[in-house]
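Pulled from Swiss-Prot, these are the features on record:
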TOPO_DOM  1-50  topological domain 'Extracellular'
DISULFID  Cys24-Cys190  disulfide bond
CARBOHYD  Asn27  N-linked glycosylation site
CARBOHYD  Asn35  N-linked glycosylation site
BINDING   Lys39, Arg124, Gln125, Gly126, Leu127, Ile128, Asp129, Trp210  1-acyl-sn-glycero-3-phosphate binding site
TRANSMEM  51-75  transmembrane segment
TOPO_DOM  76-83  topological domain 'Cytoplasmic'
TRANSMEM  84-107  transmembrane segment
TOPO_DOM  108-121  topological domain 'Extracellular'
TRANSMEM  122-144  transmembrane segment
TOPO_DOM  145-163  topological domain 'Cytoplasmic'
TRANSMEM  164-184  transmembrane segment
TOPO_DOM  185-204  topological domain 'Extracellular'
DISULFID  Cys188-Cys195  disulfide bond
TRANSMEM  205-225  transmembrane segment
TOPO_DOM  226-255  topological domain 'Cytoplasmic'
TRANSMEM  256-280  transmembrane segment
TOPO_DOM  281-294  topological domain 'Extracellular'
DISULFID  Cys284-Cys287  disulfide bond
TRANSMEM  295-315  transmembrane segment
TOPO_DOM  316-364  topological domain 'Cytoplasmic'
MOD_RES   Ser341  phosphoserine
MOD_RES   Thr351  phosphothreonine
Amino acid sequence: MAAASTSSPVISQPQFTAMNEQQCFYNESIAFFYNRSGKYLATEWNTVSKLVMGLGITVCVFIMLANLLVMVAIYVNRRFHFPIYYLMANLAAADFFAGLAYFYLMFNTGPNTRRLTVSTWLLRQGLIDTSLTASVANLLAIAIERHITVFRMQLHTRMSNRRVVVVIVVIWTMAIVMGAIPSVGWNCICDIDHCSNMAPLYSDSYLVFWAIFNLVTFVVMVVLYAHIFGYVRQRTMRMSRHSSGPRRNRDTMMSLLKTVVIVLGAFIVCWTPGLVLLLLDVCCPQCDVLAYEKFFLLLAEFNSAMNPIIYSYRDKEMSATFRQILCCQRNENPNGPTEGSDRSASSLNHTILAGVHSNDHSVV
């Protein structure tokens, strides 16, 4: 008996650990991952969950209606049939999709999370990642377009419709890939020791990558708008020395500054807290990030609600089209100019070009 017991195979502790690390948990319940990460999984609706869900649904409805209004306005008004407006329509489409994705999340959160499988949970998160990535990519595309337009002194870029379509396809391809990456393998289902606390099926490394990707995009936008501001400020100062219209130059610079502050301020307020929270989830285990998760996610979603206001409502022509649509009025002169309307790609670009072109002979 003693000899038999000595001859039986014994698995050492390092071998057991290696086998455990290679094990995958595709058939486990969502509760398994949540319990292991320490994230609370509700069994019933409490006051906070109901409040978050109510706010979330309200924001979703506003996002979808506001962005639908933008898309309809660009479609019905032929003055908007230019590349910049096509990008704005695509931004509205991305934000509309964000509203749908977040709406789906609202009905599959809280106690309803327990009913999800691994695949449906990854789908739920993938929709959010795809929609938000598409929105951010569109913001970057618009910033690049504005940069090119201002530096070439054009009302509209000379980009062909085909190139606009290519840009839009690239944006959505990148967004879909970013949203699908966790589902196709970059998750912690087979690496259970490196699961995130905020997203218990997501790998820590993916969340760090996603957060840094968006923060880098933010930095690029800051650089682009800062470059535009510096360029216009230099031009207005040169024009002030050679022209009798310093007030117009000052107004142009202030209009640009206001737009830059709105754009960057909205992005900082809506996105930075959530992105920092993702990094803290990985880099600061003792930080109680789960206490703020839902509210910061809701705040990030507000960016999709603010985009139509920032990029569309400041345009006088867009505002007039909004009123016509909401009041069921016909646009009697869809091709002609409207007095007092801003027919440029944005009111910002129109004021820049108006100041530059009216004084260009004195600068050169």
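Residue 1 is the first one shown; counting continues down the chain.
Each Cβ is built from the backbone N, Cα and C atoms, and glycine gets one as well.
Shown on the structure are the features that Swiss-Prot records.
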residue: Asn27; record: N-linked glycosylation site; Cβ within 10 Å: 8
residue: Asn35; record: N-linked glycosylation site; Cβ within 10 Å: 13
residue: Lys39; record: 1-acyl-sn-glycero-3-phosphate binding site; Cβ within 10 Å: 18
residue: Arg124; record: 1-acyl-sn-glycero-3-phosphate binding site; Cβ within 10 Å: 18
residue: Gln125; record: 1-acyl-sn-glycero-3-phosphate binding site; Cβ within 10 Å: 19
residue: Ile128; record: 1-acyl-sn-glycero-3-phosphate binding site; Cβ within 10 Å: 18
residue: Asp129; record: 1-acyl-sn-glycero-3-phosphate binding site; Cβ within 10 Å: 24
residue: Cys188; record: disulfide bond; Cβ within 10 Å: 23
residue: Cys190; record: disulfide bond; Cβ within 10 Å: 13
residue: Cys287; record: disulfide bond; Cβ within 10 Å: 13
Exercise. Is the count of Cβ pairs under 8 Å between the transmembrane segment (295-315) and the transmembrane segment (164-184), pairs 6 or more apart in sequence, 3 or more?
Worked result: no
Seminar exercise, completed: Row Leu127 (1-acyl-sn-glycero-3-phosphate binding site), column other C-beta within 10 angstroms, all chains, value 19
For this session: Please report how many Å separate the Cα atom of Cys284 (disulfide bond) from that of Gln125 (1-acyl-sn-glycero-3-phosphate binding site), as a whole number.
Result: 23
Exercise. What counts of helix, strand and coil residues does DSSP assign across the topological domain 'Extracellular' (281-294)?
Worked result: 8 helix, 0 strand, 6 coil
Seminar exercise, completed: Taking only the CA atoms, the spacing between Gly126 (1-acyl-sn-glycero-3-phosphate binding site) and Cys195 (disulfide bond), expressed in whole angstrom, is 16
For this session: Other Cβ atoms within 10 Å is the metric here; tell me which of the disulfide-bonded residues Cys24, Cys195, Cys284 scores highest.
Result: Cys195
Exercise. Top stretch among 51-75, 122-144, 164-184 for CB pairs under 8 A with the transmembrane segment (205-225)?
Worked result: 122-144
Problem set entry | Neighbourhood of Trp210 (1-acyl-sn-glycero-3-phosphate binding site), C-beta criterion under 8 angstroms, separation at least six | Asp129, Met178, Leu278
Problem set entry | Between Cys188 (disulfide bond) and Leu127 (1-acyl-sn-glycero-3-phosphate binding site): CA-CA distance (Å) | 19
Problem set entry | Secondary structure of Lys39 (1-acyl-sn-glycero-3-phosphate binding site) (DSSP, helix/strand/coil) | coil
Exercise. Who are the chain neighbours of the transmembrane segment (164-184) in space, where the CB to CB distance is under 8 Å and they lie at least 6 residues beyond its ends?
Worked result: 83, 86-87, 90, 94, 119, 122-123, 125-131, 133-134, 137-138, 141, 201-203, 206, 210, 213
Exercise. Where does the mean pLDDT land for the topological domain 'Extracellular' (281-294)?
Worked result: 84
Problem set entry | Asn35 (N-linked glycosylation site) and Ile128 (1-acyl-sn-glycero-3-phosphate binding site), distance between Cα atoms, whole Å | 23
For this session: Return the member of Asn27, Gln125, Cys190, Cys195 nearest to Asn35 (N-linked glycosylation site) in space, with distance defined Cα to Cα and candidates limited to these recorded positions.
Result: Cys195
